[in-house]
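Swiss-Prot has this to say about the protein:
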- 48-53, 74-75, 111-112, 140-141, LYS245, 274-276: NAD(+) binding site (BINDING)
- GLU75: site 'Plays an important role in discriminating NADH against NADPH' (SITE)
- TYR226: substrate binding site (BINDING)
- TYR236: active site, proton donor (ACT_SITE)
Amino acid sequence: MIIHPKTRGFICTTTHPVGCEYNVLEQIQSTRARGVRSNGPKKVVVIGASSGYGLATRISAAFGFGADTLGVFFEKPGTEKKPGTAGWYNAAAFDKSAKNAGLYSRSINGDAFSDEMRAKVIEIIKSEMGGHVDLVVYSLASPLRKMPSTGEIKRSVLKPIGVAHTSNAIDTNKDQIIQATVEPATEQEIADTVAVMGGQDWELWINALAQADVLAPQTRTVAFSYIGTEITWPIYWHGALGKAKADLDATSRRLDARLQFLGGGANVAVLKSVVTQASAAIPALPLYIAIVFKVMKEKGLHEGTIEQADRLLRERLYREDGQPAAIDEEHRLRLDDWELREDVQAACKVIWEQVTNENLFQLTDYANYKRDFLKLFGFERADVDYDADVNPEVAFDVIEL
């Protein structure tokens, strides 16, 4: 079929398999250009491995350190009539490239919140990965979670706490600045958001792996978080999602203590704002990202997901000098350090106050934001012919759970 982008709200409903594959190849080349190191992770599990930061970290571990990787994700394959999800094509492209490079790659498609998935991962570690892993990356961004004990479905919300919040935002369909108001979360919504996006499931994973004795000496685990800046704090860090991220921080300290017996440890890694399917859904964030990208590009500080993942592994968790990673007072690895520089944020605040419909494209990097967003789904690549016939059915070596 011939596939062009179709967008609805903040999602793109079509995907391009060739474009997605080229996106993955581009990230692989970016990592390889930094050189391959041997003093890093050897056997890696990535929970949430098919897009965004999870995919980038899997690429960085495999192609930057030669690691064996097991990726867990929940994606839909394409059919004759309909393309699959971008994550399906990303995972397929990763698997193909890893195997071509002689690297071990295993993928499981299913519900990462389920006990069945944990059991399957443990089984594969024991039967195929030499019995132990030394890095567990937790990178799930999900709107809902089926509780493993009861089967109850909990949903996360992107809402402030206490009072409604109104701020500038972009209507990405009309390319216009609007005032978006979000009503506050209820107590139940806050609790459910913590259950979905907090540290509970991460802890279940690490406990299950520890009990099964599949964690190697000096095992590290890392979960991803975002704090942002005062522009986005009311909706994010001071909102329901912030409560979930605070729970993630508390979980990190518990897991760090738990892994001491192995000489290992746990951290939350706070990452920078990037264009992902997850961030596009957060009110005010696309406008802020369009501004901060403009400022950081002008200062030569811009990074995408793969640059952040490489810096996480190469300059934090696995430093060449063997020293422990620098952490903040909350025990977190900070990779939002460049974004939060005073000069960067001061420039962002000025633009935030000045931006209008008339100057949106001049003052911000909004044109590239839109391009980057469509690129997530395999579009807007100069090296892909989007009028050519393409097969939406891409098969690869994946275990369906």
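The backbone N, Cα and C atoms fix where each Cβ goes, glycine too.
Feature map: Swiss-Prot annotations on the structure.
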residue : record                                                              : Cβ within 10 Å
SER50   : NAD(+) binding site                                                 : 25
GLY52   : NAD(+) binding site                                                 : 24
PHE74   : NAD(+) binding site                                                 : 20
GLU75   : site 'Plays an important role in discriminating NADH against NADPH' : 20
ASP111  : NAD(+) binding site                                                 : 15
LEU140  : NAD(+) binding site                                                 : 21
TYR226  : substrate binding site                                              : 23
TYR236  : active site, proton donor                                           : 24
LYS245  : NAD(+) binding site                                                 : 23
VAL275  : NAD(+) binding site                                                 : 24
Three-state secondary structure, which DSSP defines for LYS245 (NAD(+) binding site): helix
GLY52 (NAD(+) binding site) in three-state DSSP notation: helix
Residues that sit under 8 angstroms from GLY48 (NAD(+) binding site) by C-beta distance, when 6+ apart in the chain: GLY54, VAL72, PHE73, ALA112, VAL137, TYR138, SER139, LEU140, ALA141
Shortest C-alpha distance to VAL275 (NAD(+) binding site) - which of the recorded positions GLU75, TYR226, TYR236: TYR226
Spatially closest candidate among GLU75, ASP111, TYR226, the listed recorded positions, to TYR236 (active site, proton donor) (Cα to Cα): TYR226
Local backbone state of TYR226 (substrate binding site), from DSSP in three classes: coil
ASP111 (NAD(+) binding site): secondary structure state under DSSP, collapsed to three categories: coil
